[in-house]
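> Pasting a structure here, questions to come.
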């Protein structure tokens, strides 16, 4: 029977992480468990930055963006000796289980602690990219989506005033859920997704045809890392004769107060993680599918499960362009 659990946030921050921490802490305390916060992710664990938390430690955090526990990239965790030391530190505090909030990289760390050291871990999907398998939505995605749509709305105001073409680069790496969803909600004329091969010439020809039909301005939503958007803007302007500007939303998408959906999702997932650990179920990750909370073997989720590309959403977006 577990008596003490710890929680950490790892990788890129996401709105709603604080709500998830709160869900873990207060649910665990309600079950008579002691809870410890690990500051600055796996790096903080390695440096023994561990502090006991109480219910007041998570007061007034549900509405705050970021993560009050802090986060950090820690590639050194790939070293088996580093992981062994981390497991030893956890046990030196009498900690019986760990909740990890983050993306795929964070899950991998939890997987290795479970596999190599038999340490019960539960992963919660915390990333704005929505690129974690086994869940329809990740914590932070809906808030980041609203941030992107708000930016697109503002860009449309100025683009329409100046008959300008605006390119908006949206986060997501190899997952275009944010781009596709923001493109639909923002009424973008063109959406460029990372899952589909990017054809610059085809895009420019589409814009040229739109201008011939009388289009006076346009918004192009594109997933990051596909191309240099500033170079693309110059090429479009030279070819079509319309002023073209690129805006990189960047890390602004990670900040801000989490929306109601993310606060509720994170709170539910945090409580669910504690329930799993109380049932003796370590080595799992939590997701939401068809509005129901679910859990998957974390090893299976990393090695075998594939995130579902929203091809039907992109098809709708293309029809609405």
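Each residue, glycine too, has its Cβ placed from N, Cα and C.
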> Considering the ATP binding residues 73, 74, 103, 104, 105, 106 given in Swiss-Prot, which of 12, 172, 183 is annotated for that site as well?
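Swiss-Prot names 12 for this ATP site.
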> Should any of the binding-site residues 12, 25, 59, 73, 103, 104 have a Cα within 10 Å of the Cα of residue 127 (substrate binding site), which are they?
12, 103, 104
> If you count, for each of the binding-site residues 12, 103, 105, 187, the other Cβ atoms lying within 10 Å of its Cβ, which residue has the minimum?
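Relative to the other binding-site residues in 12, 103, 105, 187, 187 has the fewest Cβ atoms within 10 Å.
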> Long-range same-chain neighbours of residue 129 (substrate binding site), Cβ under 8 Å, sequence gap at least 6?
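Residues satisfying the criterion: 103, 138, 141, 171, 172, 173, 175, 177, 178.
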> What is the interatomic distance between the Cα atoms of residue 59 (ADP binding site) and residue 254 (substrate binding site), given in whole Å?
22
